Amino acid sequence: MTKDRRAALVRITGRVQGVCFRDWTREEAERLGLDGWVRNESDGSVTALIAGPDGAVSRMLDHFWKGPPGASVADVASEEASSAEAPAGFRITRG
């Protein structure tokens, strides 16, 4: 991972399913030029792997707290990850 590129594995909890959170995440990530994926989890949370320029990753982590209209985010937990794990582009996956 280069100095200006980073990746984060993120778990978002709250009312984040049934509110187009994955579509919103993909749109925001593409707008910010991030690579990675997002998926719903069976416990009602959403998990995402985001990778790209440090500033863009930081902005996306901030955006997760707001989410799309209808979402009510309770927590955004992130940990550093390897950017090599992120596919090129951004996609919605299934858990």
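Quick reminder: no glycine exception, Cβ is built from N, Cα and C everywhere.
Within the listed segments 36-55, 76-95, Swiss-Prot records region 'Disordered' for the stretch 76-95. Rounded to a whole value, the Cα-Cα separation of ASN40 (active site) and ARG22 (active site) is 8 Å.
Residues within less than 8 Å, Cβ to Cβ, of ARG22 (active site) and separated from it by at least 6 positions along the same chain comprise VAL38, ARG39, ASN40, VAL46, ILE92.
Around the Cβ of ASN40 (active site), a 10 Å sphere holds 18 further Cβ atoms from the protein chains shown.
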